[in-house]
Each structure stands twice: as structure tokens, then as C-alpha cells.
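Below: the structure, in C-alpha cells.
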Amino acid sequence: MKRSSSVSVEDEKSARRKLDVVPKLHFVGCSHLTDYHLMEKLGEGTFGEVYKSQRRKDGKVYALKRILMHTEKEGFPITAIREIKILKSIKHENIIPLSDMTVVRADKKHRRRGSIYMVTPYMDHDLSGLLENPSVKFTEPQIKCYMKQLFAGTKYLHDQLILHRDLKAANLLIDNHGILKIADFGLARVITEESYANKNPGLPPPNRREYTGCVVTRWYRSPELLLGERRYTTAIDMWSVGCIMAEMYKGRPILQGSSDLDQLDKIFRLCGSPTQATMPNWEKLPGCEGVRSFPSHPRTLETAFFTFGKEMTSLCGAILTLNPDERLSASMALEHEYFTTPPYPANPSELQSYSASHEYDKRRKREQRDANSHAFEQTANGKRQFRFMTRGPSDPWYGIRRPNYNSQPQYQRGSYNREGGNMDRSRNVNYQPKRQQNFKPLTSDLPQKNSEFSETNAMNQTSNHSHADGQRYYRPEQDRSQRLRNPSDYGRQGRQSSQSQQPAWNVSSRYQNNSKVQTTSRASENADTNKTQHNIKYIDSYVPEYSIARQSANQKTNEQHPSSTSLHQQSTSDLKSPSFHENSNVDDTPK
């Protein structure tokens, strides 16, 4: 008995030793954001922002997707919960995996909100960025390689009863090894009809449940979704795949609608108008009211894609059909003759490597290019100049009453008065329609090149050219860049910084505000000759053509009256002439 008891004690001790030898299990949780070094922004969307980052531990590059919480009161977004749950439940070589979760704890002391990041492997490109890269030209074996991987990933999702609901070129990631992966499962959803899928593998189950109708980017949205169908199947993903396939051949999206109705119109022009034969019960859908007035269109898809080959046209046409029940599934597409006829799909390892191309970078460059093209215009000699802004409904100044040219400055009492000034000098806003740049002085001895221009100025001469000092000055219709010269050309009075940016038509107000310069009244007969000559020289500095035309008139007058007194009287009358004479016979051609 004692022996047996001793044996049992020894066995118990040995068992305890074995338990101590067993290694402890390490349960790995979420990492912290400080474990990664954020490098640059790769993209952004409604549900998140993606950053390129490097893990400090081993130097590997990852993509961190920050989950946006627009309203924290509603809690964690349900779309993010679905995305995390789906990515943790699936595993395929053509689907982006979820490597880790990173959190940033909220800190009330420093008023810092908490953030959650999804960590996925970094991919060098997305399909949209490659298509917009002018140095990248896809070959047909390369397109077949990408399409075969896309069909394989889509087939795996549908076999797992998962709807992606946002397949597009920007959500297809490609690395420099030629591997394509489906990403962005923010709108993905699991289908509940498991029994039907088990009995009919490869076929879309007839969904009995209503889902959200506003899914999939518009350019890749199927016609049944656009018509308001909410009991859709996996066929909506196949329509998106067909649009992506055609986009890879075309180099751009094939259906770029600006609205839902415009998108339907473009679909019907390519795939034909819906009928009971091509799309049964389409008239019962809630969105058919706006489509009834559309004209009837025949199907032109086979003609539009004929140059890409018979096999490509056959496969793409079988996918882009109006009837979702007749639409080709992913498993059927993999067995299509498109992949078994030459040229055969390329091996991913044999594909060419490219520099990083992402849709977000291309979009930023495109927006910057559009902004620059809006601000500048191309001139006749090929140079770019600043575009003169005209007033229109899109201008925030549109509808404001036109101020007087001789009114007070905009800035009064320390505030800005947009109605009180001549123009907003910080913006190139013109209060009058842009006219021809013809330079004509207000004299009775010089002819007019454009009668219409002269009549317009004659009608507005009282309001536009009459000043408080009684003198009349010509206001050239020029661009602001031509009107504002070097302040040193204005003379001693024009060197002041506060006066250097004033337009030419404000000459009299400038002299009126300067106490050192006394203006001459129209009624005064004994005008100062030196002051008048200075005014003529001042206006000539703005309008060289005015000086040339005035000298031409003075030369002809000098031939008739060679005395200097007549010449001075003629130049003085140039400034005081009250109106235009359009039927003058004097030639104003520069000599």
C-alpha cells in the first residue's frame, strides 16, 4: 500500500513537471499606431482613408485604412464591422487579407479622439491608376491574366455567399509580381439563401430579402439597380466585372453617366432598350417612370467591341445583358473559350513592373491640372497668360449693383464694402463686358476705328468720363495686366505705393486727392500750360496709341498752322473735347 501511494505521488509530480514545460499561449491583440510609421496618403473615400506605412519592427510596408466615424454618437460603423468580419472569415490569393488591427486610444485630457486602423499588405498599384498612366499599355495576354484572377476572386466570394457591391477599377489592387487582389469590402454583404446555393452551385440564388439599393459606383452599376430593384443577386457584381473588362480594352470607363437617368440612357444605347424579352418585368420596377420616355435603341455592343476580337466580344456580351437571370456567372466565365484561345493569358511573374500608380494620385494631378487650365488660357503664340475673369451666375459678385467709377474706396471704417469701390483689386473682376481693345481718345479731331465702340462710349461719357474736376479722360478697355504699368513711369506723384495699383480711368481722382497737384476746371480760360502738358504726358504713359494718334493729328494741324501757339491750343482741346466725331476724315494710322 505504501508503495502504491509513493508511486501515485511520483506520477503526480511528474505530471506537474510536464505541465510546467508546456509553453504558455500568447494571445496577440491589436497593435498600436506607434508600431507603424505613416509615410503617405494612398486614397480616401466615404468610409475611410488609406495610408502607406512601414512597420518599425521588421521594415515591411503595409497599407493602413483609417475607419472614419462621422457621428460618434451612433457608435462604430456597421459597414466597418461587416468588412472586418468578412475579411477575417475568407482567405484567397486574389482577395486582400486583413493582417492586423491598429488602434489609437482616446485621450480626454488632450482632447484626442480614438481611431481604428485596418492593416493590409501594401500593393504597388490599383487598376484605375495603371489605366490612367500614359506610360502603361496593356497587352491582350496581360488583360487575360488580370481577368482570370478577377473571375477567380469573384467566384470565391459568390461561393461564400458574399456580395461585394462595389467592384470597380479603383478597388482592384495589383503588385509588381502581377497578382491582382480585390479590396474595399466596405459595402460587402452576406447572402442568407444557403440552401439554394448548396443545391445549385455556381448560380445566383433568387434573393427573397430586400437590401440597400444605393450600392456600387454609378459607372459600374447594373440596370436593375438603377431601376430600383432591391432584391438583387450576385449578378450585380458580374455586371461590374463586365464593365471593368471593357474598360481595360478601351482604356477608360465605357459608361460614364452624370446621373442615374443618364447612366440608364448610356446602357440602353449600348445594350439595347429593355423589352419583355430582354428584361422581363422591368416595367414593374419603381424607377421605370423616367425611362418610359426614352427612345428605342438597338443593341450595339457587338459592333462597338468587334475590333477587340470575337472571343472578347462574346464573353463581354454574355456578361453585359439586361436580364440578370441570363447574365453569365463567374464560374461560367472561367470556362469560356476566351481563356483557351490564343493569345493565352500571361503568367503573372512574366508581367512588366511599373512605378507606383494609384487612382488617388492621378485624381489629385487631374484636379490640379483642371484648376490651372481654369486660371490660365493659351494665347496665339503658345504662351499661357492669366485668364480675365468675367462675371456670371457662378461668380459670387454676380447680382451686386455696378458701382460708380469715381466712388469712394471699398475699405471704410475698418470693414470691407463690396458695393462702394471701383473694383475688387484682389480679384480680376470686370464690371463691364469685355470689348475690343481699340484705343481712342476723346477728341473731336481724331477719327474712330469702330463706330459701335464709339457710340457706346458716347452714351456712357457722362457717367464714365465726367469727373469732379471738370476734365475728361480716356479710360482704355484693357486687361489689368496691360493697364497697370511700372509706378516709376507715372512721375513723382505715382511712386506712392497706395496709388501704384490704381487703374488708368481713375486719373482725375488721384490728382484730386493729391494736394500738391491742382486740377484745371473746364470753365477756366486761363489754364496752366505746364499742368496741361503734364496731364497729356500722363495719359500717354497709359495708352501709347493715344500718343501716336494725337501726334498724327498735331502734325496735320501744324501743316496748316505752323505756329507753336496753334499746336498748343490743339493739344489743349484734345483733353476738353466733349464728344466723339465719327465722320472725321483724319487718318489715325500710326506713322
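Quick reminder: no glycine exception, Cβ is built from N, Cα and C everywhere.
Source: prediction; values computed, not measured.
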By the record in Swiss-Prot, which of TYR36, TYR211, TYR338 is the one labelled phosphotyrosine? TYR211
Test of record reading: of THR71, THR212, THR233, THR275, which one does Swiss-Prot tag as phosphothreonine? THR212
According to Swiss-Prot, phosphothreonine sits on which of THR529, THR565? THR565
Ordered by sequence, the long-range same-chain Cβ contacts of TYR211 (phosphotyrosine) under 8 Å (at least 6 apart) are LEU163, ARG189, ARG230, ARG231, TYR232
